[in-house]
Ligand code: TYD
Ligand code: MG
């Protein structure tokens, strides 16, 4: 018998070493190397393709792909118009955010048109999934539930029954007995993904796998997974808010700009077709510190409320807290407000929040943050019916933003009367919407906090 060989694999970054080390030389993580048996050679991914030779681009016939409809338009759009057969999609997100719910609902919808959909769960028993299905009102005979974690059994069953869609919840729970390391280790995740990928490509079955996210927001077994699959989706949101956002981080079959908005209700996830309206639903009118920003998320305009609270600090060092956007950006905007507008924020605590638990990092948000802070400091509400957009430069100038027309249209659609925007940024006017063009933050504050 040949001597068994071991290697040591970092569970954070999949760095491999021949001996154990306390600290990973690649990513610097401590105590992250775990002993694993050297894997058997998998030839997955390197398929012999029957002697196909290089061809000129012009002669290659386009693939006539028929995408699979997953029921909710928000989900389909993020995928680039539905699920492409033979591809592997990774759905990642925090525990409890609703990944299993989303996939169960989509699988059930797809099963109405397909002959067999497999929902394989390594986390819940078939009875538990059934309970969830009953809760969200699903009942479908073409949806097959299977509580299984053994990769070999899963592979054999898929080859035998040839389902039209496979969902694996989650990649961290399935394991191959051929490898020595435990479920969730980098080698197991790599092996599981490779084999599912191979199944998807050879049998032309779409596979959606769920991936857990570690505490610092990375997919566990990180880059290994992201590189291998065709599409990476993140499902995110604050657990205490009902809104959930689905984003594409990588998509070989569509744009990564799209975003889907869902709402978690008692009877499961529903899509939010008009997110701006939802995000503005509870907005207080005529309140100091509240400003509506016209943002873009990918190719989609989104109106959100920015709130700021500025109050006298009782500590030497004032507190600055931000939720939903970049704290450094907020600090920079406050520095500009101090230096270029002369607002005295030195001894003030400042809290900035994007309402609805969503995250927006677009620079066009700058001006609305500045206005919200100024409005709270002066205790003066913003003009009513005003939507704001504009990036702020270090000299206090307002810089142009892209997609102005789309933003204006969205503001009009939601009943806003006027828009504050960078001077010279308008390509095309929207009738019925008054435009206030400004060049500097000072001008903007004068115009909006009249
Ligand atoms: P789940 O899909 O299990 O999350 P994940 O698979 O990402 O871990 O969703 C879990 C949460 O969603 C749970 O805390 C309860 C809530 N939920 C609802 O509010 N309504 C529902 O209809 C369902 C099924 C779950
Ligand atoms: Mg789950």
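Even glycines carry a Cβ here, placed using N, Cα and C.
Annotated range for motif 'RadA KNRFG motif' in TrEMBL, selecting from 240-244, 245-249, 250-254: 250-254. Other than the site residues 93, 94, 95, 96, 97, 98, 99, 100, same-chain residues with C-beta atoms no more than 8 angstroms from the centre of those residues' C-beta atoms, the ATP site, are 235.
Proximity of the binding-site residues (94, 95, 97, 98, 99) to ligand 1: a Cβ under 6 Å from the molecule is found for 95, 97, 98, 99. Between the binding-site residues 98, 99, 99 has the most other Cβ atoms inside 10 Å of its own Cβ, all protein chains included. Among the binding-site residues 93, 94, 95, 96, 97, no residue is identified whose Cβ is positioned under 6 Å from ligand 2.
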